[in-house]
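Summarising the annotation, TrEMBL assigns transmembrane segment to 20-39, 91-112, 119-136, 170-199, 211-244, 265-285, 291-309, 339-358.
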Amino acid sequence: MTALRALPLTASQARGEARWFAPVILALMVVATRAIWLGDPAADYDEQLYSLIGLRWLDGALPYADLWDRKPAGLFALFAVAHAIGGPAPVAYQVMAMGFTLAGSLLLYALARPLADRWGALLAGSAYPIMLPLYGSHAGQSEVFFLPLLLGALYLLTGDRRHLGFGRAATAMLLGGLALQVKYTALPVCAALGGLALYRLHRQGPKPSALLRYAMLFAAIGIAPTMIAATIFFSLGAGEAFWWANFGSFFLREGAGRWRGDLPIALLPVVVPALLGLWAALRLAPPRDGALYASYAVFAAGLVGTVFLPGTLYLYYLAALVPASLLLALPLFASPRPLARGMVLLMFGFYALFYVGLDQAGKSAQRRASVGHLTQAIAPLVDRNGECLWIFDGPSVLYTRTNSCIPTRFVYPDHLNNALETNALGVDQTAEVARILATRPPVIVTASDPLTRQNAAARKLVANALKRDYEPLANAELGKRTVRAWRRRAR
């Protein structure tokens, strides 16, 4: 019998193995860090709303006119597509979010390669899916969807270090415009990308008049997706609702401030790697391409602007700083010195505590059980024909799970209970609450420990109605809050 001897890999086989190695590792990392929340109907707050609006859009209800929120239409379209393909369960958009997270991870790997070896780039790409859940982007938060678009734009602008063609620059601006249709606060980083494109074109020698034309064209390309969305809604007779939700109300919402007491602690996971990367760039391993690293720093500054643009800063906004932190940390990932490698290992060890030490799997199981219990109690009492559940405070996924009609355009509980929204809805907040209560919903949902400062008048109206006309139906612990369902008493 002839013994088979192992043959050395050919050069093409080695290249093929190398080409597939990083995507496979990064895909495994994405699955490992997000599988905990697959199927969790209340993994976080906002995606419950996006999912509901996307689902009801498929049924014919228009965003803004029928179901109100400030997010761009592109975000709701993503959720509608996810549900059209994958059905009404949350796993549909969560799998889509996995795909976007993998795209962001691969793009970070590609952006890192000019400044780091394969292992350093792999560390940067792996850190992306690990860090996003630290800031609530573990299921379907908007940052999961717009960050890969912005990273793709950055790659188009910097991937070819010899020459930036107009086609690549224009495509980058289009990706920025699509990111704006996921979240308008991406505007500062879109401006940074436009500035990078114009600077690179300027270095290639065009006249100032040509640069001005480029700038105007880039702005037009970037705004085109929003103009298309506006045209669609105006053609459907919902133009005024679109304008108010997307732009008019933004400036009337009262701000709670950009500084909060827990912000310094929350910033540590992104600030520390960035500072260590800057230190490594100066002391351990100067970047191979200083101009490229400077471009990444400009992009990172744009992401900082994205986080601090709104008048109220919520901690989940900080997810946008994850790629900024990792790009600035590249000299640390690239350094072969034991000190740098030790710092990276400590950083990954700290992030691992989020998954193991905080028992994310146990918390997810508790949320699933709580939503299931509330759904089972509420569903027999509501329908799509007038017997509408109303959630004054609590998980909006209950509208989806119970298949209930909704008694108001302002489907997100926060819009009718949050005092910051009092003058920003285009209707009187307290009067809308009174109108809903007058319809005598068969079930009302409330929650302990308000997440925001609530409208005292609206809250009192609800409390009086519950005392007068309702009785306890069911309650469940959801996170640190007790969610209560109240059943209308028979007359």
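Placement of Cβ uses the backbone N, Cα and C atoms for every residue, glycine included.
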Cβ-Cβ under 8 Å with the transmembrane segment (291-309): same-chain residues at least 6 beyond its ends:
111, 114-115, 150, 154, 157-158, 161, 185-193, 195-196, 258, 274, 281, 317-318, 320-321, 323-325, 327-328, 330-331
Taking pairs 6 or more apart in sequence, does the count of Cβ pairs under 8 Å between the transmembrane segment (265-285) and the transmembrane segment (119-136) hit 3 or more?
yes
Any contact, the transmembrane segment (339-358) to the transmembrane segment (170-199), with at least 3 Cβ pairs under 8 A
no
